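Student: I'd like to ask some things about the structure below.
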Amino acid sequence: MDKNIIIGAMTALITPFKNGKVDEQSYARLIKRQIENGIDAVVPVGTTGESATLTHEEHRTCIEIAVETCKGTKVKVLAGAGSNATHEAVGLAKFAKEHGADGILSVAPYYNKPTQQGLYEHYKAIAQSVDIPVLLYNVPGRTGCEISTDTIIKLFRDCENIYGVKEASGNIDKCVDLLAHEPRMMLISGEDAINYPILSNGGKGVISVTSNLLPDMISALTHFALDENYKEAKKINDELYNINKILFCESNPIPIKTAMYIAGLIESLEFRLPLCPPSKENFAKIEEVMKKYKIKGF
């Protein structure tokens, strides 16, 4: 298997709601907008997609919509398929594979605090259950669980279809250490604030929140960096500084959904509790920053 298969500029899709349900028409339109603006892959039902509060039926529907919308294009679908119960993660991975996803993104098990051996066995079971690429997802700030460098490398070497890791720990030193010990690994940035540092230190892509709003800029940044044109990549990164900062003024995906609503890209500013709309103060701050960016709605 080609372990390079899903890299480049990828978008962690939001999940739009309308009257308490997934707004399927808006979801498909959002994905089409990504396709039209140079994104290499979309990532449905991850953290940004509020996967934790979707029903299993909604989770499956979002994957099906993403696959159907991307059919016949060059854009790949890297489907969220994580759980803190291994059997459930395996089931989600199998569903994604059977319904046409090109690969899966699997978050580290949260809440139950597994050992490194437990993490290894968890991911090995997932990898053995499907024959599509698997990207590990390390985000200890949300899961309370850190996948160690040694465990990531062991999984990469032992499991043919585990091709890399989405790193959202904010730890650049860890990223550099990973590539120093296993340069074949595909390191993917999971934080917009450090996309450029990761790409300029050997990273092979990003899974971006900001690209929901500005897919063309994230695509350009990523591809300039992958082509080793770091001057142009840095220029775009600097232009994105203010929007990247404001899009994390509250818990993701609250600010990005708010920005999408302000831009007219989604019809309703709805969340699933316990997430809720931003404070009036932060809404105004998001609106102010967005005036600097030319963003068109539907």
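Residue positions begin at 1 at the first shown residue.
A Cβ is built for glycine as well, from the same backbone N, Cα and C atoms used for every other residue.
Take a look at what Swiss-Prot says about it:
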- T47: site 'Part of a proton relay during catalysis' (SITE)
- T48, I207: pyruvate binding site (BINDING)
- Y111: site 'Part of a proton relay during catalysis' (SITE)
- Y137: active site, proton donor/acceptor (ACT_SITE)
- K166: active site, schiff-base intermediate with substrate (ACT_SITE)
Student: Quick one: of Y111, Y137, which of the recorded positions has the smallest count of other CB atoms within 10 A?
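Tutor: Output over recorded positions Y111, Y137: least Cβ neighbours within 10 Å is Y111.
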Student: Using all protein chains in view, find how many other C-beta atoms are within 10 Å of the C-beta of T47 (site 'Part of a proton relay during catalysis').
Tutor: 24
Student: Relative to the Cα of Y111 (site 'Part of a proton relay during catalysis'), which of the recorded positions T47, T48, K166, I207 has the closest Cα?
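Tutor: Result for Y111 (site 'Part of a proton relay during catalysis'): the nearest of the recorded positions is T47.
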Student: Does I207 (pyruvate binding site) have same-chain partners at least 6 apart in sequence with Cβ under 8 Å from its own Cβ, and which are they?
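Tutor: In sequence order, the residues whose Cβ lies under 8 Å from that of I207 (pyruvate binding site) (at least 6 apart) are M10, T11, A12, V43, G46, L78, L105, K166, I188, S189, G190.
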Student: Which one is it: of the recorded positions T48, K166, which Cβ has the fewest other Cβ atoms within 10 Å in this structure?
Tutor: T48
Student: What's the CA to CA span in angstrom from Y137 (active site, proton donor/acceptor) over to T47 (site 'Part of a proton relay during catalysis')?
Tutor: 10
